[in-house]
Amino acid sequence: PPVPSDLGYVPPDGGWGWAVVFGASISIGFAYTFPKAFTIYFKELQAVYSISYSQIAWITSIMCATTYGGGPISSILVNRYGSRPVVILGGLLCGIGMVSAAFCTSILQLYICVGFITGFGLALNLQPSVIIIGKYFLKRRPIANGLAMAGSPVMLCTLAPLNQFLFDNFGWRGSFLILGAILLNCCVAGALFRPIGAATAPVKTQATEEGKDALKEEVTKDAMEMSSPMNITMETKTEEEGGKGCCEKVNQYLDFSLFKHRGFLIYLIGNVLMFLGFFAPIVFLAPYAKHIGIDEYSAAFLLSILAIVDMIARPTTGIIANSKWVRPRIQYFFSFSIAFNGACHLLCPLASGYTGLVVYSIFFGLAFGMVCAMLFETLMDLVGAARFTSAVGLVTIAECCTILLGPPIGGTLIDTFGDYKYMFIKCGAVMVLAGTFLFIMNYYNYRTLAKEEKERKAKEEDPKSVRTENEGRNNWNKETAQDGPELEPLREEREGLKKEVNGT
């Protein structure tokens, strides 16, 4: 079915847009994968700084929290300057953070350089890359989002062995210098984000607008000269418009009116709940395999299986989501993906051997890829491409809290019960609950929207409502006509000016 555009222009749905998708896959891949791939240096850093595992794990937690928490700042910068300069700035910050980390002499300095500076650079890479896709694609947007999000598993398959190779040959300090240079490729990806937008308004429209403005100014001037009470009224109106302009200026960069949007609130609550159990299983999968007696290389291979399946699942999900059967009700598909992900975690404790964990990794990679491919597409479907920049910033700042708390809560359950199954059961139950919530509330939202649309059409077609509106307008005109004879010359002059403008 035809999909309306709220951007003021028709996106090209191809052409240079595929180069933008390629650049977005690089930026998104680094943003999602780098915190996971960085964990290979933890053991060496623990020995160098003589710290516990919980202390070293805070590097990744701070990096992920900063990446998501920096969403509103990233959205404001994109609204002000566009995606290209923001991504280039993010790439420079990532490179500076990793190069500075190579010279750190304490864990606190690593928190600042790797956690905050590099994490904020990744935040400036993530949001603009997702936003620019919505400006280049409309009909093929689910496919484009799926291909861009596929950069994450590709990077995971690449960065994990690369980090091990760099560490074996150059040590952790040399590796940080090389990683800083590699992260500068985000600047190259940002350079592909060519700006796109609506064309300038036609000359006729501009002339009409200028005529209306001139009419408004002239009528206001005459009214202010007419009497002092009207001067007071106009001054009050000017103050109100000034206050309104200030609010509009704030909303221009970050649209807080989205919190009145029913679909946005449903998405926000469901996603905040989902992220309590989204990342913990992937963090504890390899340790769980070692816990049940599987060797280190076989345990690490489980993550590779997950990444390969994830790599295939994301673009495939994008193609399915773009089909004529799924696209009109993509929110239901997203809800099913989250519940399917949770069901995989609930069944994981039943996998007692390595074969069972391989099967779990395959289904986990499929479910993980399905959720990630539609994570931003469903949000754009709800709020539209024009408001998506503000929406993604507000969503990521709300999600950063549960992303930060999810893995530590899972670790606490493992420490308390001495068994990994309770962590998987907790994550599975939370995600099934989130998927069920989104399914029920989206059904309610769709029904309510259909009812509102039906009432609107009935009101437009009902002649009684039209007659009532006309009678109310006539009554208002009669009341205004009784205001006094002193305003009659102004009213006649205003009507004449309106006719002239309408004629042009």
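Note that Cβ sites are derived from N, Cα and C of the backbone, with glycine treated the same way.
Please treat TrEMBL annotations as automatic predictions, because they have not gone through curation.
Annotated transmembrane segment per TrEMBL: 15-35, 47-69, 89-122, 174-193, 264-285, 297-313, 333-352, 358-376, 388-410, 422-444, in sequence order. The annotation domain 'Major facilitator superfamily (MFS) profile' is assigned in TrEMBL to 17-446. Positions annotated as region 'Disordered' by TrEMBL: 453-504. The compositional bias 'Basic and acidic residues' feature in TrEMBL is assigned to 453-472, 488-504.
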Contact between the transmembrane segment (47-69) and the transmembrane segment (358-376) (at least 3 Cβ pairs under 8 Å, separation 6+): no
Paired segments the transmembrane segment (15-35) and the transmembrane segment (174-193) in contact, 3+ CB pairs under 8 A: yes
For the transmembrane segment (358-376): best-contacting stretch of 174-193, 333-352, 422-444, by Cβ pairs under 8 Å: 333-352
Average pLDDT across the domain 'Major facilitator superfamily (MFS) profile' (17-446), rounded to a whole number: 80
Two-stretch contact, the transmembrane segment (422-444) and the transmembrane segment (264-285), at least three Cβ pairs under 8 Å: yes
Best-contacting stretch, by C-beta pairs under 8 Å, relative to the transmembrane segment (264-285) and drawn from 174-193, 297-313, 333-352, 388-410: 388-410
Contacting positions for the transmembrane segment (333-352) when only residues 6+ beyond its ends and CB under 8 Å are counted: 270, 274, 277-278, 281, 292, 317, 320-321, 326, 359-360, 363-364, 367-368, 370-371, 374, 378, 420-421, 424-425, 427-436, 438-439, 442
Residues of the parent chain within Cβ reach of the transmembrane segment (174-193), under 8 Å, 6 or more residues beyond its termini: 19-20, 22-24, 26-27, 30, 34, 41, 82-88, 90-92, 94-99, 101-102, 118, 121, 125, 128-129, 132, 163, 166-167
